[in-house]
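Heads up, the thing below is written out as structure tokens.
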Amino acid sequence: MALFQSLFGMLYQFGDTFAFLVIACAGLAVIFGMMGVINLAHGEFIMCGAYVTASLARVGVPLPMAVLAGALAAGFVGVIVERLVIRHLYHRPLDSIIATWGISLIATQGVLIFLGSTMQGVGTPLGSVDIGGRFYSIYRFVLMGAAVGLLGGLYLLFYHTRFGVIARATIQKPQMAHALGVNTGRMYGLTFGLGAALAGLAGGLYAPTMTMVPTMGATFIVESFVTVVVGGADIFVGAAPAVAILAFIKTGLTAWYGQLFGQIGLLVTVILVIRVLPGGLSGWLKGTTR
Amino acid sequence: MTDRHSSLFAKGLMAGAAMALALACPAFAQDGPIKIGVLEDQSGDFAAATMVKVHAIQLAAKEINDAGGIDGRPVELVVYDTQSDNRRFQEFMRRVLQSDKVDAVFAGFSSASREAYRPIVNQFDGLAFYNNQYEGGVCDSNMIVTGAVPEQQFSTLIPWMMEEYGPNVYTIAADYNFGQISAEWVRQIVEENGGNMVGEEFIPLGVSQFGQTIQNIQAADADFVVTLIVGAAQASYYEQAAAANVGLPMASSVNVGQGYEHKRFNPPSLANMYVTTNYIEEIDTPASKAFVEKFHGMFPDETYINQEAANSYIAMYLYKQMVERAGSTDHDAIRAVIAEGDVCFEGPSGNTCLDPQSQHMSHTIYLAKVGDDHSITFPKVWEDIKPYWLGEAGCDLTKSDPSAQYTPSSPPPAQ
Amino acid sequence: MTETSNGTGSSQPRLAFLRRLEGPQTMGRGPLFWGAAAVAVMIAVVYPLMADAWTVGNTAYFMIWTFMAMGLGLVWGYAGALSFGQTAFFGLAGYTYGVLTLNFGAAYGLTIVALLLSVALGALFAVVIGYFMFYGRIQGVFIGIVTLSVTLVMETFMSQTAGPQWRIGEARLNGFNGMSGISPLTVPWPGGDLVLFPGPILYYVLLGLLVLCYLGLRILLNSPFGNVLVAIRENPHRVGMLGYDVRLYQMLAFAIGGGFAALSGALYTAWGQYITPSSMGLTAAALPIVWVAVGGRRDITATLIGTLAVLYGFQALTIYGSQYALVVMGALLLFTVLVAPQGLVVAGMNLVARLFRRAQR
Amino acid sequence: MTKLLQVSGLCKAFGGVVVADKIDFSLSAGAMHCLIGPNGAGKSSFFRLLLGEHAPDAGTITFDGDDITHLRSFQRIRRGISVKFQVPGIFKALSVRQNLEVAFQSHLSGSQLEQTIHEMLEFTELSHVVATPAGVLSHGQQQWLEIAMAVGVEPKLLLLDEPTAGMSPDETRKTGDMLNELNNRGITILAVEHDMAFVEQISKRVTVLHFGSIFAEGTIAEIVDHMGVQEIYLGTVDDG
């Protein structure tokens, strides 16, 4: 029984970390992988999704609807931001880092000024379940399911829909796509919007488990970056294995040495991966399979 | 929303230059105003807990001015927003002392910010009030600490919890000075009372996911959990622990009283939480009720009046008393008053007195219990709990001023 | 862009390096520019006689940061590698200075030695990181991510050193709260050591150091080394095909930039007698980028003026703009990137030059 | 006569794509040699292998008597290989003079540097634009500037990748004259070229590359007569 307990415990922790990394990084990965833009306002899109979700849930909107609305709201903001700012910076990736940092400053402080320093959250739904003498939050299992669904959904979207194919074509050969009559500007806008919406979804999904403050996005951002870098430029090939490896490293280190080493382990992994595999996991996987 | 805007606008006006409303009363003595610098975080990470401190100081200043000022001189506040950034504390501490030439400074939320400005206060021989509960140990004659310290909060809380729930204790603490030192106090007091530490875990600042920690706690068979976690991200623990049905009583010296988590989180995630604090707005005494009423009279949409707000308010009146007794704002004269050992104030939190050896305060410590619906009850109140550790360890500011911070593991050098 | 000097004639070989004070890699040349620069320095010299003590100390404090900014200008603007982690070298040097002075005290000019050692250690660390990155063929935005990771690892690590076991000699690292009680810079002086508390003396020392570093950087940038750096920014592949070891040049530029960041770090620690892990955190790491971007990264003069202007501006905003300061800062960044991508100071200098030319016509 | 460049058994494949298939190739000192072949024949890859931008899977490269197979690019350049790329690899933000300085300053300084810059400016007729940013030069001038950058280091071997791509017939002829002059001064030249008229103007011998291996080698007349070469290559060239 004790063996089952600790085995299941490990598995649960792994799944929990896996879900967090997938959900946190999806939006950043789409924007970085598809457009080469490092979005430092990623955390603020997450905060936007969380705030909208929590506000709606507290006036009685069912949580799934509220989460969806949070994602849509963040996506909508994303489309506007792309049109006003990001669009002018595609050829200047370093400048887009600065611009998104500026957006992040404005968003965090703006929310603090207009909505106050904190907001009442929504409670975690669904209660808990007793497995082998330990209690586990059922909502955490929902998050794991959502992570797997998210990976599958993104795969289907980008490989089996017209939008996905055109989007990938646009990103790989913009001039060619343009010549073929694709409205490349709109594709970029939609892709950025999708990335922002995924960030909003992350905020919505985690809103019931976290403290609602304007800086809440910051707790996601380091982990998101780590995952994207380890995954490499092609997120569809690299993200899932990257998340699996990182979740394994983090779970292991946290379980045996505590939270600090879980954190440091992640960051050291990034540095090592970049040194050994400059193209990230996806670059390495593609290099060996071609 | 419009209310909020207008009060923000008013704050903006006040923060910039001298406070107009403080100057509104005309009949003051010749000496000119007594200037008090206010360096608090009105934006950034800590704003949630510190905006109210600024309001408390403004409230006290208004009351004092309405009643004729300090020794007939009006109080003038010089307020800067330090943005939760240690560097701003350094810049603005220098500014208030050197350029604005204030007579005293009320400054700082995090211990890091206090340590950032302390060398500057020492260099210019300023007088700074630190109005937070903190890890304790600052022995510096330029500092007056009005917040509670671990020995006051844990020597009351831990034995009570052990008697009520059992001897097995699990501590989770933020992995920095406050958490480490507080955890050390908990450990020591648990052992002194014949209890048993079944687990102790330190959480890096900024961590928001507690899956592993919750599992460890469930596995440890603790009777109660001491939560010494800090910051918005770490506060996510409560929601996650409730969702996983940890179901253990909790004890803390920092949550509720400072970040009013019981107001922000949905019930019952903080149910069965016990906190020792020297003040929270639910305290049911006439003095406290009057204080809350006055506060809301001036700041109608104040979210929560926490212990730091009360401490800041008390500190203003303490300073008033010291200046009036000393007959000047001169620091040596003020220290002479402190050395008399009877600087006390009967305020919203009950009677508090300033200890001349450490320049920390004795407090009435309230044990607050969070109910299932997040309402607060007070199962126990201890009166006149003294900040004994520094004095016992050998800090005596009436004799010498080491300007250092000590910890139980590195106490003052033996005389 | 026209050029006149740089290599015409080779008289006075002993002072040949002085000719490199002006050249195509740096804006400003000719008697007008140097006249203006001399006037600026003169004003800076007499300014403490007229200003109050706080303003002088505050200006000295701002000057401390310009070294890190100029170092980043070299790495990012000239060598084309956006480092998001200059604060790693800043912090390392700050802690080194703290540990050294807490252990060995301030007598006999030891603080000066500590300062030099801190800068050397910072530069050495930059060599290691630079070797790791450039010899590992890391490029573009990934340099930003690696350097950011380095500084965040250091912040995370230093934040948890609160326990008593974390000490180096006499110096407790003291975790998140930071190390305090550090000696200010102390110069041995006949008739009693000169303690450089923030005040006029420190101001003049820093001003001298700043002028020295600025002129030194100008010479470096207009030297063959600077030429190659700019060429690498433009087309690293071609530079390799001209027989240069591109990685070595990038690593050296990175080391110099790290050394400058380290100088800022050690000076900052001496100034405030305090250093904390948050000076290596995300916000702190982003600030140098903001200064350099807003001022202008492709020119060292613009970087210098821009950094001072942004520091003054942001502080003034914080004093008078209260809560809105951070919003205005963010908006300023957006404005710069969208409207004046080469930086506000560079845009301003170009505008002045254009008006001047038109007036002459 | 000793061989300046000796390539033997050079192989390189990317996944399933073979870009160099056991290439044996040599070049005598003082030669002026052209490398031709249809698109995808492996010409550029061969250059990259010679320059050390790709590591070969097998084979050796010997230059001037030394094995350079495992040297890094810049080390090969320092031994006397120089290259001019198809797309002008000049530094557009730098002036013409600075471009030349960057190219030469690694081994020249002071008056020597001045003199070489002066000579190269004369040689490429760029003296009148010395202070112009290279990015605003005409296409032909950019190509010449890059030739000057490649030549000023006094290489033993000059590699040229389609030196006349995008040039007018007039500019092409002038470029041909320049290269002949350089060859006369003793620089060995290996050029990849499409324009057969230009190949005839400059080259004594020609090598045809096809699917990563050497298909034919000989004088220009022999190659033009070679039936197979016409099939794989010349037939596809519209303006041959």
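In case you wondered, yes, glycine gets a Cβ from its N, Cα and C as well.
Positions annotated as transmembrane segment by TrEMBL: C:32-50 (among others).
Residues annotated as transmembrane segment in TrEMBL: C:62-81 (among others). Long-range neighbours of the transmembrane segment (C:62-81) within the same chain, counting only residues 6 or more positions beyond its ends whose Cβ lies under 8 Å from a Cβ of the stretch, are 25, 90, 143, 203, 206-207, 209-210, 213-214, 217, 221, 226, 229-230, 232-234, 236, 249-250, 253-254, 256-261, 263-265, 267-268, 271, 288-289, 291-292, 295-300, 303-304, 306-308, 311-312.
The transmembrane segment annotation in TrEMBL covers C:88-106 (among others).
The annotation transmembrane segment is assigned in TrEMBL to C:112-134 (among others). The list of residues near the transmembrane segment (C:112-134) in space but at least 6 beyond its ends in sequence, with Cβ under 8 angstroms from a Cβ of it, reads 85, 88-90, 92-94, 96-97, 100-101, 104, 143, 146-147, 150, 185-187, 246-247, 250-252, 254-259, 261-263, 265-267, 270.
As annotated by TrEMBL, transmembrane segment applies to C:141-158 (among others). Sequence-distant contacts of the transmembrane segment (C:141-158) (same chain, six or more residues past either end, CB-CB distance under 8 Å): 81-88, 91-92, 95, 129, 132-133, 173, 175, 277-278, 280-282, 285.
Here TrEMBL flags C:201-221 (among others) as transmembrane segment.
Residues or ranges marked as transmembrane segment in TrEMBL: C:248-268 (among others). Counting residues 6+ beyond its ends, the transmembrane segment (C:248-268) has Cβ neighbours under 8 Å at 64-68, 70-72, 74-75, 78-79, 81, 83, 86-94, 96-97, 114-115, 118-127, 129-131, 133-135, 185, 206, 213, 220, 225, 228-229, 232, 239, 275, 279, 288 in the same chain.
The feature transmembrane segment is assigned by TrEMBL to C:274-294 (among others). Long-range neighbours of the transmembrane segment (C:274-294) within the same chain, counting only residues 6 or more positions beyond its ends whose Cβ lies under 8 Å from a Cβ of the stretch, are 65, 68-69, 72-73, 76-77, 82, 84-88, 90-91, 94-95, 97-98, 148, 151-152, 154-156, 158-159, 175-180, 182, 261, 265, 268, 303, 306-307, 309-311, 329, 332-333, 336-337, 343-345.
Annotation comment: TrEMBL describes C:301-320 (among others) as transmembrane segment.
Same-chain neighbours of the transmembrane segment (C:326-353): 27, 290, 292-299, 301-303, 305-306, 309, 313-314, 317, counting only residues six or more beyond its ends whose CB sits under 8 Å from a CB of the stretch. If you look up TrEMBL, you'll see C:326-353 (among others) marked as transmembrane segment.
The highest tally of CB pairs under 8 A with the transmembrane segment (C:301-320), across C:32-50, C:88-106, C:201-221, is held by C:201-221.
Within its own chain, the transmembrane segment (C:32-50) is flanked in space by residues 22, 56, 59, 200, 203-204, 207, 211, which lie at least six positions past its ends and keep a Cβ under 8 Å from the stretch.
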